[in-house]
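Please read through the structure below; I'll follow up with questions.
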Amino acid sequence: MGQEHSATVSDDTPPETLRERSLAAIAEHIKSGKARRIVVMTGAGISTAAGIPDFRSPETGLYANLAKLNLPRPESVFDLPFFRHNPKPFYVLAKDLYPGNFYPTVSHVFISLLAKKCLLHQLFTQNIDCLERAAGIPSELIVEAHGSFATQRCIECKTPFPDDLMREHVSRAEVPRCMRGPTELDPTHCEGFVKPDIVFFHEALPSLFHDRMDLVDNADLALVMGTSLQVHPFAGLPEYVKKGVPRVLFNMERVGSLGSLADDVLELGDCDTGVRKLADELGWREELEAEWRKLVGEEEAQRQLSGMRKRVGKLQDEVSRLADEVDEVLRLGEEVAANEVGCSTQTTRVAGSSDDAEDGRGIRSHGDVTPAESPQEAAKEKGREEAEKAREANPDVDATASGARPPVGADAQSSLRHGDATEPVSGEQDTDTPGATAEARN
């Protein structure tokens, strides 16, 4: 069960800790030394740019592969009883998701920078892709709430299985079996199925998750990135942040109670763009980009940026379509209003007095209305402002394709973000993905 949205804090409500509710104020909070214990909570949205496929979307290829295996439902691949009966579908999926096939994103590297600057108190992640480790975040600062591909063991006797042999089996989509031989207590060979230490349905979360939850209570800044906060107990983590401690949401849409408190800052959009904006405010942008490109290489950096451009273009196409529909609805509304005014005018002319005609008022005054700014023009102006902000935050990505229509308002943007196949298994932005297994299975 996901969290119900709380009412958004009023613009008239002043922050308790921050100067204002903005990334600039968050940067000031960090640079002032008041934020030395930063807790980060992440979901599939931070791995979107890495290319982690969407679990449920038929456009990704994973869904199509699983469909060929005649599963009762796609989620069965993460169902422990089903795995005991038939582990093959999971290993078909694992071949595409296994660590080494993907590279960290700018969001991962930003968290790594926090660790290098001794500002990261703890990272809680729902993702199983191990990209946090690949980004250089120390393992002792990571709580993988839904497990990961980092280790594996037999589901029967719990004997660990060697990493190198696991990689060989996964690369061939083969099911590994336990190699434990006879023991004093069990004279037989085990040969049970081996499973990565990923939390499946019917399995408890790692004890480390519960052991470290009190660290959230000690935080002096919380960053929530790329998660729908749909699965408990992870979804409840932001509620452990003390009153007056700033919380920042980087996500395609508002989730949970984020935005309801005086020191909540909402940065809605894809995670990488939001992180770059904060890096700009901190003066870390050059360092962030250099670290990221050094880690992933120029070819991968361009691939991720290209993917961002495609997502922006797809969003703009959808916004343009919705804008056209809104224009048509407004046009029809204006025609109806004009017809009603015409009928009213005819009626008034029949019943109007001679005084109205003499002094120029009456029925003629009804037509002397100063036109207000149209909704279309207001939407275009808002779109231009948002596009300019996007260009300033990330000059590598053209935020406005030629001829694209601007967003038509918050409702349209929210609906588009909800439908973004990248977020969620991305999110961003957050239907569940293999990159955020807990959101798909727990």
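Positions of Cβ are set from backbone N, Cα and C atoms, glycine also.
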If you check TrEMBL, which stretch out of 53-87, 158-192, 298-332, 333-367 is marked coiled coil?
298-332
For Cys178 (Zn(2+) binding site), which residues of its chain lie six or more apart in sequence with Cβ-Cβ distance below 8 Å?
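Spatial neighbours, sequence-distant, of Cys178 (Zn(2+) binding site): Cys154, Glu156, Cys157, Thr159, Phe161, Cys190, Glu191, Gly192, Phe193, Val194.
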Neighbourhood of the Zn(2+) site (Cys154, Cys157, Cys178, Cys190): other residues with Cβ within 8 Å of the Cβ centroid, in order?
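Leaving out the recorded residues gives Arg153, Ile155, Glu156, Lys158, Thr159, Arg177, Met179, Arg180, Glu191, Gly192, Val194.
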Could you work out which of the binding-site residues (Cys154, Cys157, Cys190) has its C-beta surrounded by the smallest number of other C-beta atoms within 10 A?
Cys157
